[in-house]
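Participant: Annotation source TrEMBL lists domain 'Alpha-D-phosphohexomutase alpha/beta/alpha' at 57-100, 119-173. Feature annotation from TrEMBL assigns Mg(2+) binding site to 64, 278, 280, 282. If you look up TrEMBL, you'll see 64 marked as active site, phosphoserine intermediate. The feature domain 'Phosphoacetylglucosamine mutase AMG1' is assigned by TrEMBL to 185-285, 299-436. If you look up TrEMBL, you'll see 372, 373, 374, 497, 498, 499, 500, 501, 506 marked as substrate binding site. TrEMBL lists 484-526 with the feature domain 'Alpha-D-phosphohexomutase C-terminal'.
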Ligand code: 16G
Ligand code: MG
């Protein structure tokens, strides 16, 4: 075993002077630096699968909204969730082992630590997004999987959520909680069937234009939409996924959300709904331009509010005792949190940034709606909730429809991770059922003016936080200065945290007015600059 590991590893030497870290969403950096990392992720996936009795582990090669020259890799656990946090450090240790001998020491250390029986089968599936560097990294990954005798299946080019879906399907096949057929056709079929069930009484197709960020979500959503042509009129723009140099270039969810502006390639018709995916289609934001050409962003907070409002109503109509809650991060607009708590009377939890934190917190509700403002998110239906809905005795047609609709939403909405395609269908289903225009959706509440700024500092690691990132612990005294500044503004709020994906510190601010927020963010940026 070790011999073959050494031989394979020699083909994938680790560059010196680089320190790798399994961050918020796996390893992510310039693709040219990732060959050894991806090879070693293959080793870890083999260990993880053997540790979990041969359950199938997923690997996704993507760098999401990053520029075309970047790439990344992340692991998916058996139920389609992100790799368990305690294993992230093992990924980091393997990636950073200097020599082949060091690598074998770390590898064998993990075998011993977890008492892993290497004679057991290991099973892995993987996919990549549309980046140019994808195929070469897949080759490195395959070497890693061969080096540890793992069985593997290459799913080709998929969106990140499709891969998560496949993993869950493979691990639940033939069980009572089978998630679906582990193929692309199975994925499309699950979503389109649920959509048709939910919209069985709707006759008008909903029209939307999607900016696919020139990524892999474009061809996938176009394919799915063919099945739904009676209910959905989809136009896909920025759909050059076969020109990887255009990926995320002046388009995509991150571009639209960060700049609060239209992507290139979109010439908006007044009051028509648009959406942008990110490069691997696990994130979505919506927007429109009104008759006065004013741009309105419908971000993750607006999606969460719409979903919570609609599902809350359905629960009441279903007359089943289910609790519903919303999970957000500190980036959620204060108006959305207020609205959900005060108008919808629902509990809101706040977690640190990163899908895995929100996902974990949402599991504590029967129905947990979680979204980051940037458009990552989904709605989780707990097993108890599904069982209660299936067992409910409906006494009226209204109740029966509400129960069937809730069950269909649980099929439509990806239960493994936020999914741009599935979230798109969820939103369009709700808007269709409510017969709402995008303006009606936008006006549920009005966002407080907000700004996000980036500060480059010497060492971002000195910025540590508590209270779900809303308060700095260190540098000492800095939070006090920020609090003093915030007090000067109406409805002011600001927080500072180190980015998990970039070498920078982020400053968020919101206030009652645009003038004030520009001022507040500028002042907090100054405070941060002066502290480091
Ligand atoms: C990653 C996270 C995202 C988070 C973002 C924050 C996943 C799949 N993605 O993209 O949830 O919002 O990082 O980036 O977890 P930042 O730490 O640079 O602000
Ligand atoms: Mg993404």
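Placed from the backbone N, Cα and C atoms, the Cβ positions cover glycine too.
On a predicted model such as this, the values are computed, not experimentally measured, just so you know.
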Participant: Out of 57-100, 119-173, 185-285, 299-436, which stretch has the largest tally of CB pairs under 8 angstroms to the domain 'Alpha-D-phosphohexomutase C-terminal' (484-526)?
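Facilitator: When the Cβ pairs under 8 Å are tallied, 299-436 comes out ahead.
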Participant: From 64, 282, 372, 374, 500, which binding-site residues have a C-beta atom under 6 Å away from some atom of ligand 2?
Facilitator: 64, 282
Participant: Relative to the Cα of residue 498 (substrate binding site), which of the binding-site residues 64, 278, 282 has the closest Cα?
Facilitator: 64
Participant: Within a 10 Å radius of its Cβ, which of these binding-site residues (278, 280, 282, 372) has the fewest neighbouring Cβ atoms?
Facilitator: 372
Participant: Could you give the residue numbers and ranges of same-chain residues that sit at least 6 residues beyond the domain 'Alpha-D-phosphohexomutase alpha/beta/alpha' (57-100) on either side and whose C-beta is under 8 angstroms from one of its C-beta atoms?
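Facilitator: Distant Cβ neighbours of the domain 'Alpha-D-phosphohexomutase alpha/beta/alpha' (57-100) are 5-6, 9-10, 14, 16, 19-22, 25-32, 34, 36-38, 40-45, 47-49, 106-107, 110, 122-129, 131-134, 137-138, 141, 158, 160, 163-168, 171-172, 179, 213, 244-249, 252-255, 278-280, 282-283, 355-356, 359, 415-417.
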Participant: Determine, using Cα-Cα distances only, which of these binding-site residues is closest to residue 280 (Mg(2+) binding site): 372, 374, 500, 506.
Facilitator: 374
Participant: Specify the count of other C-beta atoms within 10 Å of the C-beta of residue 500 (substrate binding site).
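Facilitator: A count of 15.
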Participant: Looking at Cβ-Cβ distances, which residues of the chain lie under 8 angstroms from residue 374 (substrate binding site) while being 6 or more apart from it?
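Facilitator: Set apart from residue 374 (substrate binding site) by at least 6 residues yet with Cβ under 8 Å, we have 253, 254, 257, 283, 285, 299, 300, 331.
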